[in-house]
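Enquirer: Mind looking over this structure? Questions follow.
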Amino acid sequence: MARETFPFTSSMLRSLRLQQEWLEWEDRRRAAAQQCRSRRCPSSPRARLTRPHRSCRDPAVHQALFSGNLQQVQALFQDEEAANMIVETVSNQLAWSAEQGFWVLTPKTKQTAPLAIATARGYTDCARHLIRQGAELDARVGGRAALHEACARAQFDCVRLLLTFGAKANVLTEEGTTPLHLCTIPESLQCAKLLLEAGATVNLAAGESQETPLHVAAARGLEQHVALYLEHGADVGLRTSQGETALNTACAGAEGPGSCRRHQAAARRLLEAGADARAAGRKRHTPLHNACANGCGGLAELLLRYGARAEVPNGAGHTPMDCALQAVQDSPNWEPEVLFAALLDYGAQPVRPEMLKHCANFPRALEVLLNAYPCVPSCETWVEAVLPELWKEHEAFYSSALCMVNQPRQLQHLARLAVRARLGSRCRQGATRLPLPPLLRDYLLLRVEGCIQ
């Protein structure tokens, strides 16, 4: 007798196959759990079976996590599946619409993990509960792990909690950065210490940029971070994908008076550790070019003392003096005469007369530059750039400069230039060693007097 058969459709066969795979997965999971319980030890990460995490947009879940309500978190997250759910948030952001020709509100979905939310906001108790329920410590939902979020917000207690439970100190984001790269504010110093104690690699370069934590700290003027990384073996000679050393990034990040002081302190740490003051990036832009472009006279003088060359041009043919002249226009609220005098004392050549217009409205800086010439050049290039109210305020200086155009200077001034030429790039150091009265020494170093003689 022929055996009767039942015809299965392709969709039914697929459903049966999926059901069979699900049952096999459940059997393996239960067997692994039973084996774990029998050994009385937690299952290893390799033995843990993975399954797709479910997504959640429930406002109640969002409210509990983002507010740090421990009771609600305990009620909502009672097992491993809940602790590892993917939390989705949707926000409207402005985006340019080429078809409509104007900016429109576009919904953007962001994914993260409950543990990342709790640690980023410093909810230590909530984070501890999620970990005990089985939250994956190094899960990168939305590109970052919980340790990244905690370090970026300088949440010391949460960083310590994660590391205590076994989070990897060198876990990478999707872009290839470590938690140490995200210690970017002064308050994150203690977090950085915890990471290094837990085995974080201080010279690990990040993704395409190839920045190390030392580059990041130097770029933000974090002196204590720089000192910490140097103590743990950070290499001051490592370069980014653009050929920049940590000293380059420290000088490039110095913008504004307060920032200049912070970055100068970080640069000093690097120089004392052996950083090369002449190291240039791919565009031959040296740390001195960066310091001058940001108008940081103190930082520039520090670099010059450590061997930076004041006359070397970058890839565009601009010298540090050219960068300093441009900075006068971009950042007027500083004292450019200090920077100009330092560059001239360390071997910079007098500026081209046509460049004097950049500092025409800074009489003290203009005086320093004019005193670098044996004869005051034509004023046609800069006199028209002087503001009328500024001319009235400093009429004595501007009038004296006009009177000395193409006129012979005093013998004392010519003698000053002769001594400076003899000392060359060692002018500032040499002046302090000469047996001269303080007033004459200051005169040799282009002291501002308020008039041209």
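We number each residue from 1, going along the chain as drawn.
Using the three backbone atoms N, Cα and C, a Cβ is placed for every residue, glycine included.
Okay, these came from Swiss-Prot:
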type   : residues : note
REPEAT : 56-85    : repeat 'ANK 1'
REPEAT : 110-139  : repeat 'ANK 2'
REPEAT : 142-171  : repeat 'ANK 3'
REPEAT : 175-204  : repeat 'ANK 4'
REPEAT : 209-238  : repeat 'ANK 5'
REPEAT : 242-279  : repeat 'ANK 6'
REPEAT : 283-312  : repeat 'ANK 7'
DOMAIN : 398-450  : domain 'SOCS box'
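Any idea what these are sitting next to in the structure?
Expert: Tertiary proximity for the repeat 'ANK 1' (56-85) is limited to same-chain residues at least six positions away from its ends with a CB under 8 Å from its CB atoms, namely 113-115, 117-118, 121-123, 125-126, 129-131, 133-136, 139.
Across all of the repeat 'ANK 2' (110-139), the predicted model scores a mean pLDDT of 96.
Residue counts for the repeat 'ANK 3' (142-171) under DSSP, helix first, then strand, then coil, are 16 helix, 1 strand, 13 coil.
Outside the repeat 'ANK 5' (209-238), and at least 6 residues removed from its termini, the chain residues within Cβ reach (under 8 Å) are 178, 180-181, 183-186, 188-189, 192-193, 196, 202-203, 244-247, 249-250, 252-254, 259, 262-263, 265-267, 269-270, 273-276, 279.
In the repeat 'ANK 7' (283-312), the DSSP tally of helix, strand and coil residues is 16 helix, 0 strand, 14 coil.
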Enquirer: Report the DSSP secondary-structure composition of the repeat 'ANK 5' (209-238) as helix, strand and coil residue counts.
Expert: 16 helix, 1 strand, 13 coil
Enquirer: Work out, from DSSP, the number of helix, strand and coil residues along the repeat 'ANK 2' (110-139).
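Expert: Looking at the repeat 'ANK 2' (110-139) with DSSP, the answer is 16 helix, 3 strand, 11 coil.
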Enquirer: Should anything in the same chain at least six residues away from the repeat 'ANK 2' (110-139) have a Cβ under 8 Å from its Cβ atoms, list it; otherwise answer none.
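Expert: Distant Cβ neighbours of the repeat 'ANK 2' (110-139) are 55, 61, 65-66, 68, 70, 73-74, 77-80, 82-91, 145-150, 152-153, 155, 157-159, 161-162, 165-168, 171.
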Enquirer: Just to be sure I understand, if DSSP states are collapsed into helix, strand and coil, how many residues of the repeat 'ANK 1' (56-85) fall in each?
Expert: 20 helix, 1 strand, 9 coil
